[in-house]
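K.L.:
Here it is, the structure in full.
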Amino acid sequence: MKEILQDLSLEELGALVLSLGEKKFRASQLWRGLMQGKKISDITDLPKAFKAKLLERFEDEPLKIAETLTSSDGTEKYLFELADGNIVEGVFMRYKYGNTQCVSTQVGCRMSCAFCASGLNGLIRNLTAGEILCQILAINARHGGTLEKRAVTNVVLMGSGEPLDNYDNVVKFLKNVSAEGGICISPRNISLSTCGIVPKMYELADEGIPVNLTVSLHNADDEERARVMPVAKAYKIADILKACDYYFQKTGRRYIFEYSLIEGENADREHAERLAALLKGRPCHVNLIRLNEVKERALSGAGEKEAYRFLGVLERAGLSATLRRRTGADIGGACGQLRASRLKGE
Ligand code: SAH
(Lines of atoms letter the chains of each structure in order from A and count residues from 1; the text may use other names and numbers.)
(Lines give C-alpha, C1' and ligand atoms only; values in the text may rest on other atoms or scores of the structure.)
Protein backbone atom coordinates (compact mmCIF):
# COMPACT_ATOMS: atom_id res chain seq x y z
CA MET A 1 0.00 0.00 0.00
CA LYS A 2 1.21 3.51 -0.82
CA GLU A 3 1.32 6.23 1.85
CA ILE A 4 -1.73 8.33 2.69
CA LEU A 5 -1.43 12.06 2.17
CA GLN A 6 -4.48 12.77 4.34
CA ASP A 7 -2.47 11.45 7.31
CA LEU A 8 -0.43 14.65 7.26
CA SER A 9 -1.12 17.93 9.04
CA LEU A 10 -0.92 21.22 7.13
CA GLU A 11 2.51 21.76 8.68
CA GLU A 12 3.74 18.35 7.54
CA LEU A 13 2.37 19.02 4.06
CA GLY A 14 4.44 22.21 4.07
CA ALA A 15 7.63 20.26 4.74
CA LEU A 16 6.71 17.67 2.11
CA VAL A 17 6.04 20.29 -0.55
CA LEU A 18 9.40 21.95 0.09
CA SER A 19 11.20 18.59 0.01
CA LEU A 20 9.69 17.98 -3.43
CA GLY A 21 11.08 21.30 -4.66
CA GLU A 22 7.77 23.14 -4.78
CA LYS A 23 6.82 26.53 -3.32
CA LYS A 24 5.36 26.55 0.18
CA PHE A 25 1.94 27.95 -0.87
CA ARG A 26 1.27 24.69 -2.71
CA ALA A 27 0.75 23.06 0.69
CA SER A 28 -2.34 25.19 1.41
CA GLN A 29 -3.77 24.44 -2.04
CA LEU A 30 -3.17 20.76 -1.50
CA TRP A 31 -4.65 20.81 2.03
CA ARG A 32 -7.75 22.64 0.81
CA GLY A 33 -8.26 20.26 -2.09
CA LEU A 34 -7.89 17.19 0.11
CA MET A 35 -10.21 18.64 2.75
CA GLN A 36 -12.83 19.12 0.05
CA GLY A 37 -12.70 15.34 -0.37
CA LYS A 38 -10.91 15.44 -3.72
CA LYS A 39 -8.55 12.87 -5.16
CA ILE A 40 -5.00 14.19 -5.67
CA SER A 41 -5.48 13.83 -9.43
CA ASP A 42 -8.65 15.99 -9.28
CA ILE A 43 -7.12 19.02 -7.55
CA THR A 44 -7.09 21.39 -10.50
CA ASP A 45 -4.96 24.25 -9.20
CA LEU A 46 -1.80 22.13 -8.83
CA PRO A 47 0.82 21.62 -11.58
CA LYS A 48 0.57 18.25 -13.35
CA ALA A 49 4.21 17.36 -12.73
CA PHE A 50 3.82 17.96 -8.99
CA LYS A 51 0.72 15.76 -8.87
CA ALA A 52 2.57 13.03 -10.78
CA LYS A 53 5.33 13.14 -8.16
CA LEU A 54 2.81 12.89 -5.35
CA LEU A 55 1.03 9.98 -6.99
CA GLU A 56 4.24 7.93 -7.14
CA ARG A 57 4.25 7.90 -3.35
CA PHE A 58 0.67 8.49 -2.19
CA GLU A 59 -2.73 6.88 -2.73
CA ASP A 60 -4.90 8.92 -5.07
CA GLU A 61 -8.05 7.75 -3.29
CA PRO A 62 -7.35 6.08 0.09
CA LEU A 63 -11.03 5.36 0.62
CA LYS A 64 -14.05 5.11 -1.63
CA ILE A 65 -17.75 4.62 -1.00
CA ALA A 66 -18.45 1.03 -2.05
CA GLU A 67 -22.11 0.85 -1.06
CA THR A 68 -24.86 3.12 0.28
CA LEU A 69 -28.03 2.02 2.04
CA THR A 70 -30.77 4.48 2.95
CA SER A 71 -33.13 3.76 5.82
CA SER A 72 -36.80 4.73 5.89
CA ASP A 73 -35.90 7.24 8.63
CA GLY A 74 -33.33 9.03 6.43
CA THR A 75 -30.27 7.47 8.07
CA GLU A 76 -27.64 6.40 5.55
CA LYS A 77 -25.22 3.58 6.00
CA TYR A 78 -22.03 3.32 3.99
CA LEU A 79 -19.47 0.68 3.26
CA PHE A 80 -16.09 2.23 2.57
CA GLU A 81 -13.41 0.37 0.68
CA LEU A 82 -9.81 1.06 1.67
CA ALA A 83 -6.84 0.96 -0.71
CA ASP A 84 -5.87 -2.54 0.46
CA GLY A 85 -9.39 -3.87 -0.16
CA ASN A 86 -10.48 -3.92 3.49
CA ILE A 87 -13.89 -2.50 4.25
CA VAL A 88 -15.25 -0.45 7.13
CA GLU A 89 -18.64 1.09 7.69
CA GLY A 90 -20.05 4.48 8.56
CA VAL A 91 -23.46 5.97 9.31
CA PHE A 92 -24.84 9.43 8.47
CA MET A 93 -27.70 10.59 10.69
CA ARG A 94 -29.83 13.71 10.27
CA TYR A 95 -30.92 15.59 13.38
CA LYS A 96 -32.58 18.94 13.98
CA TYR A 97 -29.32 20.55 15.05
CA GLY A 98 -27.18 19.17 12.23
CA ASN A 99 -25.88 15.99 10.67
CA THR A 100 -23.81 13.44 12.52
CA GLN A 101 -21.30 11.16 10.88
CA CYS A 102 -20.36 7.97 12.72
CA VAL A 103 -16.86 6.81 11.79
CA SER A 104 -14.85 3.62 12.24
CA THR A 105 -11.39 3.64 13.77
CA GLN A 106 -10.28 0.04 13.13
CA VAL A 107 -10.99 -2.76 10.66
CA GLY A 108 -12.63 -5.18 13.09
CA CYS A 109 -12.00 -4.88 16.82
CA ARG A 110 -10.29 -6.94 19.48
CA MET A 111 -12.59 -6.13 22.39
CA SER A 112 -15.03 -9.01 21.66
CA CYS A 113 -18.10 -7.49 23.34
CA ALA A 114 -20.78 -10.19 23.32
CA PHE A 115 -23.46 -8.04 21.66
CA CYS A 116 -21.36 -6.35 18.98
CA ALA A 117 -20.85 -7.43 15.37
CA SER A 118 -17.59 -5.47 14.86
CA GLY A 119 -15.40 -7.94 16.69
CA LEU A 120 -16.78 -11.11 15.11
CA ASN A 121 -13.50 -11.75 13.28
CA GLY A 122 -11.17 -9.98 15.71
CA LEU A 123 -8.95 -7.03 14.81
CA ILE A 124 -7.69 -6.93 11.23
CA ARG A 125 -5.79 -3.65 11.44
CA ASN A 126 -5.84 -0.08 12.73
CA LEU A 127 -7.03 2.70 10.45
CA THR A 128 -4.60 5.54 9.87
CA ALA A 129 -5.53 9.11 10.82
CA GLY A 130 -6.14 9.86 7.13
CA GLU A 131 -8.40 6.88 6.62
CA ILE A 132 -10.58 8.03 9.53
CA LEU A 133 -10.63 11.59 8.18
CA CYS A 134 -11.42 10.48 4.62
CA GLN A 135 -14.69 8.90 5.82
CA ILE A 136 -15.87 12.38 6.82
CA LEU A 137 -14.45 14.14 3.77
CA ALA A 138 -16.14 11.66 1.43
CA ILE A 139 -19.55 12.00 3.09
CA ASN A 140 -19.33 15.78 3.40
CA ALA A 141 -18.59 16.03 -0.33
CA ARG A 142 -21.31 13.53 -1.20
CA HIS A 143 -23.91 15.67 0.54
CA GLY A 144 -22.77 18.84 -1.21
CA GLY A 145 -20.92 20.16 1.84
CA THR A 146 -18.01 22.56 1.44
CA LEU A 147 -15.43 23.82 3.91
CA GLU A 148 -17.51 26.95 4.48
CA LYS A 149 -20.85 25.19 4.79
CA ARG A 150 -20.36 21.67 6.07
CA ALA A 151 -22.89 18.88 5.48
CA VAL A 152 -21.26 16.94 8.31
CA THR A 153 -21.44 19.06 11.47
CA ASN A 154 -20.93 16.45 14.19
CA VAL A 155 -18.78 13.37 14.44
CA VAL A 156 -19.03 10.32 16.67
CA LEU A 157 -16.27 7.71 16.92
CA MET A 158 -18.74 4.87 17.33
CA GLY A 159 -18.27 2.80 14.21
CA SER A 160 -16.20 -0.35 14.24
CA GLY A 161 -13.14 -0.42 16.43
CA GLU A 162 -12.07 0.78 19.85
CA PRO A 163 -10.67 4.32 19.38
CA LEU A 164 -8.41 4.18 22.44
CA ASP A 165 -6.89 0.91 21.17
CA ASN A 166 -5.65 2.94 18.15
CA TYR A 167 -4.66 5.94 20.21
CA ASP A 168 -1.96 7.71 18.18
CA ASN A 169 -3.85 7.58 14.89
CA VAL A 170 -7.07 8.70 16.55
CA VAL A 171 -5.40 11.67 18.25
CA LYS A 172 -3.76 12.69 14.98
CA PHE A 173 -7.14 12.44 13.28
CA LEU A 174 -8.74 14.62 15.99
CA LYS A 175 -6.07 17.27 15.46
CA ASN A 176 -6.43 17.30 11.67
CA VAL A 177 -10.23 17.23 11.59
CA SER A 178 -10.41 20.22 13.94
CA ALA A 179 -7.50 22.21 12.46
CA GLU A 180 -8.08 25.74 11.16
CA GLY A 181 -8.55 26.06 7.43
CA GLY A 182 -9.57 22.44 6.97
CA ILE A 183 -12.97 20.88 7.54
CA CYS A 184 -12.54 22.39 11.00
CA ILE A 185 -15.03 20.44 13.09
CA SER A 186 -14.77 21.64 16.68
CA PRO A 187 -13.84 19.06 19.35
CA ARG A 188 -17.07 20.10 21.09
CA ASN A 189 -18.97 18.56 18.20
CA ILE A 190 -17.01 15.32 18.35
CA SER A 191 -17.74 12.38 20.66
CA LEU A 192 -15.25 9.63 21.32
CA SER A 193 -16.74 6.40 22.64
CA THR A 194 -14.63 3.89 24.53
CA CYS A 195 -15.24 0.61 26.28
CA GLY A 196 -13.18 2.07 29.14
CA ILE A 197 -9.43 1.72 28.56
CA VAL A 198 -8.50 3.61 31.70
CA PRO A 199 -4.84 4.65 31.10
CA LYS A 200 -5.72 6.00 27.66
CA MET A 201 -8.63 7.99 29.12
CA TYR A 202 -6.10 9.85 31.27
CA GLU A 203 -3.82 10.41 28.28
CA LEU A 204 -6.71 11.81 26.27
CA ALA A 205 -7.63 14.18 29.11
CA ASP A 206 -4.09 15.59 28.96
CA GLU A 207 -4.09 15.93 25.17
CA GLY A 208 -5.83 19.32 25.12
CA ILE A 209 -8.49 18.26 22.59
CA PRO A 210 -11.74 18.62 24.56
CA VAL A 211 -13.92 16.08 22.74
CA ASN A 212 -16.99 14.64 24.44
CA LEU A 213 -16.00 11.49 26.24
CA THR A 214 -18.47 8.62 26.09
CA VAL A 215 -18.01 5.38 27.99
CA SER A 216 -19.82 2.15 27.15
CA LEU A 217 -20.91 0.94 30.56
CA HIS A 218 -23.84 -1.46 30.02
CA ASN A 219 -23.78 -2.58 33.65
CA ALA A 220 -23.13 -1.07 37.09
CA ASP A 221 -21.53 -4.26 38.43
CA ASP A 222 -18.01 -5.35 37.43
CA GLU A 223 -18.67 -9.07 37.33
CA GLU A 224 -21.87 -8.81 35.37
CA ARG A 225 -20.25 -6.30 33.02
CA ALA A 226 -17.44 -8.76 32.32
CA ARG A 227 -20.01 -11.31 31.13
CA VAL A 228 -20.68 -9.18 28.04
CA MET A 229 -17.51 -7.05 27.91
CA PRO A 230 -14.25 -9.00 28.37
CA VAL A 231 -12.35 -5.69 28.79
CA ALA A 232 -14.14 -5.31 32.17
CA LYS A 233 -11.77 -7.94 33.56
CA ALA A 234 -8.89 -5.50 33.06
CA TYR A 235 -10.53 -2.23 34.16
CA LYS A 236 -12.90 -1.80 37.08
CA ILE A 237 -15.88 0.55 37.01
CA ALA A 238 -14.52 2.48 40.02
CA ASP A 239 -11.34 3.23 38.06
CA ILE A 240 -13.31 4.21 34.97
CA LEU A 241 -15.25 6.71 37.11
CA LYS A 242 -12.01 8.14 38.51
CA ALA A 243 -10.72 8.62 34.97
CA CYS A 244 -14.02 10.33 34.06
CA ASP A 245 -13.60 12.69 37.03
CA TYR A 246 -10.12 13.55 35.79
CA TYR A 247 -11.46 14.13 32.29
CA PHE A 248 -14.09 16.50 33.67
CA GLN A 249 -11.54 18.33 35.77
CA LYS A 250 -9.21 18.79 32.79
CA THR A 251 -11.74 19.67 30.08
CA GLY A 252 -14.81 20.94 31.90
CA ARG A 253 -16.82 18.58 29.69
CA ARG A 254 -19.63 16.52 31.12
CA TYR A 255 -19.18 12.86 30.18
CA ILE A 256 -21.67 10.38 28.82
CA PHE A 257 -22.42 6.73 29.50
CA GLU A 258 -23.80 4.41 26.88
CA TYR A 259 -26.06 1.70 28.23
CA SER A 260 -27.49 -0.81 25.76
CA LEU A 261 -30.53 -2.54 27.25
CA ILE A 262 -30.26 -6.31 26.88
CA GLU A 263 -33.22 -8.55 27.67
CA GLY A 264 -32.67 -10.67 30.79
CA GLU A 265 -29.17 -9.24 31.28
CA ASN A 266 -29.11 -5.61 32.45
CA ALA A 267 -32.52 -4.06 31.79
CA ASP A 268 -34.76 -4.70 34.83
CA ARG A 269 -35.65 -2.32 37.65
CA GLU A 270 -32.92 -3.61 39.93
CA HIS A 271 -30.25 -2.85 37.33
CA ALA A 272 -31.70 0.62 36.82
CA GLU A 273 -31.57 1.30 40.55
CA ARG A 274 -27.99 0.10 40.78
CA LEU A 275 -26.98 2.34 37.88
CA ALA A 276 -28.78 5.32 39.43
CA ALA A 277 -26.99 4.76 42.75
CA LEU A 278 -23.63 4.48 40.98
CA LEU A 279 -23.97 7.67 38.95
CA LYS A 280 -25.98 9.91 41.26
CA GLY A 281 -24.55 13.41 41.57
CA ARG A 282 -22.01 13.03 38.76
CA PRO A 283 -21.72 15.55 35.90
CA CYS A 284 -22.84 12.97 33.38
CA HIS A 285 -25.57 11.97 30.99
CA VAL A 286 -26.84 8.46 30.31
CA ASN A 287 -27.75 7.36 26.80
CA LEU A 288 -29.97 4.32 26.83
CA ILE A 289 -30.54 2.30 23.70
CA ARG A 290 -32.38 -0.98 23.26
CA LEU A 291 -29.87 -3.48 21.94
CA ASN A 292 -29.92 -3.85 18.17
CA GLU A 293 -30.16 -7.55 17.60
CA VAL A 294 -27.19 -9.08 15.84
CA LYS A 295 -27.86 -12.37 14.10
CA GLU A 296 -24.56 -13.92 15.13
CA ARG A 297 -25.03 -13.03 18.80
CA ALA A 298 -27.53 -14.75 21.07
CA LEU A 299 -28.74 -11.61 22.85
CA SER A 300 -31.99 -9.67 22.42
CA GLY A 301 -32.93 -6.08 23.02
CA ALA A 302 -35.13 -5.17 25.98
CA GLY A 303 -38.77 -4.36 25.21
CA GLU A 304 -39.93 -0.79 24.79
CA LYS A 305 -41.92 -0.80 28.03
CA GLU A 306 -38.99 -2.10 30.04
CA ALA A 307 -36.74 0.53 28.44
CA TYR A 308 -39.08 3.38 29.45
CA ARG A 309 -39.33 1.98 32.97
CA PHE A 310 -35.53 1.92 33.17
CA LEU A 311 -35.41 5.53 31.98
CA GLY A 312 -38.02 6.50 34.59
CA VAL A 313 -35.93 5.07 37.44
CA LEU A 314 -32.91 7.12 36.34
CA GLU A 315 -34.95 10.30 35.93
CA ARG A 316 -36.61 9.96 39.31
CA ALA A 317 -33.14 9.63 40.84
CA GLY A 318 -32.31 13.01 39.29
CA LEU A 319 -30.05 11.75 36.53
CA SER A 320 -29.94 13.26 33.07
CA ALA A 321 -30.85 10.43 30.70
CA THR A 322 -32.38 9.77 27.29
CA LEU A 323 -33.64 6.72 25.49
CA ARG A 324 -32.29 6.90 21.97
CA ARG A 325 -34.26 5.97 18.91
CA ARG A 326 -32.86 2.97 17.10
CA THR A 327 -32.04 4.80 13.87
CA GLY A 328 -31.40 2.73 10.79
CA ALA A 329 -32.37 -0.60 12.37
CA ASP A 330 -33.77 -1.73 9.01
CA ILE A 331 -30.39 -1.28 7.32
CA GLY A 332 -28.15 -2.99 9.88
CA GLY A 333 -27.49 0.24 11.79
CA ALA A 334 -25.64 -1.38 14.67
CA CYS A 335 -21.87 -1.61 14.79
CA GLY A 336 -20.38 -4.02 12.31
CA GLN A 337 -23.64 -5.53 11.09
CA LEU A 338 -23.34 -4.45 7.49
CA ARG A 339 -19.72 -5.43 7.12
CA ALA A 340 -20.44 -8.81 8.74
CA SER A 341 -23.10 -9.64 6.15
CA ARG A 342 -20.92 -8.37 3.29
CA LEU A 343 -18.04 -10.60 4.40
CA LYS A 344 -20.35 -13.57 4.35
CA GLY A 345 -21.50 -12.68 0.85
CA GLU A 346 -25.14 -12.03 1.81
N1 SAH B 1 -15.46 0.62 20.93
C2 SAH B 1 -16.17 1.79 21.31
C3 SAH B 1 -17.00 2.44 20.22
C4 SAH B 1 -17.80 1.58 19.29
S5 SAH B 1 -19.38 1.00 19.63
C6 SAH B 1 -17.02 1.53 22.52
O7 SAH B 1 -17.03 0.42 23.01
O8 SAH B 1 -17.63 2.47 23.03
C9 SAH B 1 -20.51 2.30 19.93
C10 SAH B 1 -21.57 1.90 20.96
O11 SAH B 1 -22.51 0.93 20.43
C12 SAH B 1 -20.98 1.24 22.20
O13 SAH B 1 -21.63 1.77 23.32
C14 SAH B 1 -21.31 -0.22 22.00
O15 SAH B 1 -21.27 -0.90 23.22
C16 SAH B 1 -22.67 -0.12 21.36
N17 SAH B 1 -23.12 -1.32 20.62
C18 SAH B 1 -22.40 -2.24 19.96
N19 SAH B 1 -23.19 -3.16 19.40
C20 SAH B 1 -24.45 -2.83 19.73
C21 SAH B 1 -25.72 -3.40 19.45
N22 SAH B 1 -25.82 -4.51 18.75
N23 SAH B 1 -26.81 -2.77 19.93
C24 SAH B 1 -26.71 -1.63 20.66
N25 SAH B 1 -25.54 -1.05 20.95
C26 SAH B 1 -24.42 -1.64 20.50
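Glycine too: its Cβ is placed from the backbone N, Cα and C atoms.
Keep in mind that TrEMBL annotations are predicted by a computer and have not been checked by a curator.
As annotated by TrEMBL, active site, proton acceptor applies to Glu89. The annotation active site, S-methylcysteine intermediate is assigned in TrEMBL to Cys335. Residues or ranges marked as [4Fe-4S] cluster binding site in TrEMBL: Cys109, Cys113, Cys116. Marked as S-adenosyl-L-methionine binding site by TrEMBL: Gly161, Glu162, Ser193, Ser216, Leu217, His218, Asn292. Under the heading domain 'Radical SAM core', TrEMBL lists 95-330.
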K.L.:
Just checking: which of Glu89, Cys109, Cys113, Cys116 have a Cα that is within 10 Å of the Cα of Asn292 (S-adenosyl-L-methionine binding site), counting only these recorded positions?
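P.N.:
Final answer, ordered: Cys116.
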K.L.:
Just checking, which of Cys109, Cys113, Cys116, Leu217 (binding-site residues) has the fewest C-beta atoms within 10 Å of its C-beta?
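P.N.:
Looking at the binding-site residues Cys109, Cys113, Cys116, Leu217, the Cβ with the fewest others within 10 Å is that of Cys113.
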K.L.:
For Glu162 (S-adenosyl-L-methionine binding site), just give me the three-state DSSP call.
P.N.:
coil
K.L.:
Roughly how many angstrom lie between the C-alpha atoms of Ser193 (S-adenosyl-L-methionine binding site) and Cys113 ([4Fe-4S] cluster binding site)?
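P.N.:
Answer for this pair: 14 Å between alpha carbons.
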K.L.:
Let me know the largest Cα to Cα distance in Å among the S-adenosyl-L-methionine-binding residues Gly161, Glu162, Ser193, Ser216, Leu217, His218, Asn292, as an integer.
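P.N.:
Overall maximum Cα spacing for these binding residues reaches 19 Å.
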K.L.:
Can you give me the Cα-Cα distance between His218 (S-adenosyl-L-methionine binding site) and Cys113 ([4Fe-4S] cluster binding site) in Å, rounded to a whole number?
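P.N.:
Between the Cα atoms of His218 (S-adenosyl-L-methionine binding site) and Cys113 ([4Fe-4S] cluster binding site), the distance comes to 11 Å.
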K.L.:
For ligand 1, pick out the recorded positions Glu89, Glu162, Ser193, Asn292 that have a CB under 6 angstroms away from one of its atoms.
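P.N.:
Glu162, Ser193, Asn292, by Cβ distance under 6 Å.
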